[in-house]
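Database features (TrEMBL):
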DOMAIN    10-215  domain 'YjeF N-terminal'
BINDING   58-62, 126-132, Asp155, Ala268, His386, Asp460  (6S)-NADPHX binding site
BINDING   Asn59, Asp122, Ser158  K(+) binding site
DOMAIN    233-514  domain 'YjeF C-terminal'
BINDING   Lys426, Gly427, Ala428, Asp429, Thr430, Gly459  AMP binding site
Amino acid sequence: MTEVVTAAQMRGIESAAIEAGAVTGAALMERAGAGVVAAILRQWPEAQSATILCGPGNNGGDGYVIARLLAERWWDVRVLGMGDAEAMPPDARANRAAWQGEVAPLTRANLEAATDTDIVVDAIFGTGLTRAPAGEVLSVLKALGDCAAPLVAVDAPSGLCLDRGIPLAREGSVPKCDLTVTFEVPKIGHFIADGPACCGALEVVDLGLSHWRGKLGADTTRLIDAVPMVPPTEGTPHILPNFRKKTGHKYDNGHALVVSGGPSKTGAARLAARAALRIGAGLVTVASPPTALAENAMQLTAIMTRRCGGAAGLSEILEDARFTALCLGPSLGVGEQTRAMVRAALGPRFVVLDADALTSFEEDPSELFEAIAAVGEPERVILTPHGGEFGRLFPDENAALDAGDISKLDAVREAAQRSGAVVLLKGADTVIASPDGRSSIHAAHCARSVPWLATAGAGDVLAGLIAGLAARSDDLHRAAADATWLHVEAARAFGPGLIAEDLPEMVPRVLRDMGV
Ligand SMILES: NC(=O)C1=CN([C@@H]2O[C@H](COP(=O)(O)OP(=O)(O)OC[C@H]3O[C@@H](n4cnc5c(N)ncnc54)[C@H](O)[C@@H]3O)[C@@H](O)[C@H]2O)[C@@H](O)CC1
Ligand SMILES: [K+]
């Protein structure tokens, strides 16, 4: 499992190791700088000159180490430094003193004069950024965006909040880097909001602190596997066992029920149902209003159909305890009938609520949350909103998120607490949080970027993948995380031109390639 941490958690890891006498800050800084140099040499083996921009703290200290190590390799190195050397923290001050070359002031004019450099290294701010950059340094950060040379960020693109993934100053104030080299463990801001676009490729340098990382406690966030690392993560993802079906009877792999909308509104349910069957639910049934039964039956073969007259009909179907997961919401219609069906659906099984099943509670979201609480069994329900639906159900959390007061991760965590459900907020950065405190992030960026996944019906497929995995699982959060990964993987396997129907059909290939 890859963890992602906040800036404060990272400082806690470092200081625990230093206080225990296991390592010195100077040794960590040397390892950090050497790791960045190794990454630069791997990525740009022909490069021979660099301009290093050093800030006033330990991030700047890393920059002075990088300058020294590159100069030792006969690179032509120019350093632009910020602030008074005497005011720097001790390890950074020592490394600035050890740098034998000139340190020109970090100004926009000096940066713009450095046009003939092969690489620019941004070592201005890292985890210690506490306020919005302003004045000359803000001007430098903006000018960095126009740099012709490849830009390498040390720990973070400067100006990026590593907890929220947003610029601390206004938009356009964080340079878009080609490579970000971070230390020991990636930070949340590398993966959410603007973080991935600003970071470029991400590499993690091992500082040898795993012992202290292990003492972080439960409050960490899991990175859903196969994130864009350089070099790319190889081998079998850790999520593999969950994709493997149980041997034995089809009922051993669960029975998923997907509720269909009325006539001419049935496609979304069939997409979800097909995804649920492809990912391995033993059986899948579409519950269809009588008026749409023929429409559904004509287009389904392996998937069964059941006549379902509204909430009462759904309750009747669910008397059969063999239904282990239920998906409802896609194209179901917004209103009291859908609210009644949601109330009927909640019970001793996993329930995926998507689309209209969420919007139907816009006027009074607490009605939904009370119904979820009344089930009495935790982690039985997952809400899978996109941004708009999230705002309808969680206006307070959404307003704080929009204002930049909290991160997407914290907004979803609060939503999980408020609703009593697992909450999955969709996007290129997908965040999942559970009422039990677990959280996961998936970033579809760099090598995993799939802009063609933004296509009609893709969300219905995701809901179906979650329902299909949940149907034969005992862990809804895990099912959602695995489904999120698989959804992107299927889109990657197909490539541009993808439509939602293609996604379930790519699942077998993805599973085969994983060795399932
Ligand atoms: N703590 C450690 O032992 C290690 C830290 N490392 C590096 O140290 C970094 C963290 O160092 P620091 O905690 O010193 O923090 P930073 O170097 O990120 O920044 C802190 C400095 O910037 C100033 N500052 C913050 N926001 C500013 C703003 N908007 N405008 C102007 N000045 C501003 C602060 O007053 C302080 O002087 C990490 O990102 C990493 O690069 C690595 O060397 C590995 C070891
Ligand atoms: K930086």
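Here the Cβ of each residue, glycine as well, is placed from N, Cα and C on the backbone.
The structure, with features from TrEMBL marked on it.
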residue: Asn59; record: K(+) binding site; CB count, 10 Å: 25
residue: Gly60; record: (6S)-NADPHX binding site; CB count, 10 Å: 30
residue: Asp122; record: K(+) binding site; CB count, 10 Å: 30
residue: Leu129; record: (6S)-NADPHX binding site; CB count, 10 Å: 21
residue: Asp155; record: (6S)-NADPHX binding site; CB count, 10 Å: 28
residue: Ser158; record: K(+) binding site; CB count, 10 Å: 28
residue: His386; record: (6S)-NADPHX binding site; CB count, 10 Å: 15
residue: Gly427; record: AMP binding site; CB count, 10 Å: 16
residue: Asp429; record: AMP binding site; CB count, 10 Å: 20
residue: Gly459; record: AMP binding site; CB count, 10 Å: 25
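Most other Cβ atoms within 10 A: among the binding-site residues Arg131, Lys426, that distinction falls to Lys426. Of all the binding-site residues listed here (Ser158, Lys426, Ala428, Asp429), Ser158 has the Cα closest to the Cα of Gly60 ((6S)-NADPHX binding site). In this structure, the C-alpha atom of Asp122 (K(+) binding site) lies 14 angstrom from that of Leu129 ((6S)-NADPHX binding site). Considering only the binding-site residues Asn58, Asn59, Asp62, Leu129, the residue whose Cα is spatially closest to the Cα of Gly427 (AMP binding site) is Leu129. Under 6 Å, Cβ to nearest atom of ligand 1: this is the test, and of the binding-site residues Asp122, Asp155, Ser158, His386, Lys426 it is passed by Asp155. Among the binding-site residues Asp62, Asp122, Thr127, Arg131, Asp429, the residues whose Cβ lies under 6 Å from any atom of ligand 2 are, in sequence order, Asp122. Listed in sequence order, the binding-site residues from Asn59, Ser158, Lys426, Asp429, Gly459 having a Cα within 10 Å of the Cα of His386 ((6S)-NADPHX binding site) are Lys426, Gly459. Look at Asp429 (AMP binding site): DSSP puts it in a strand.
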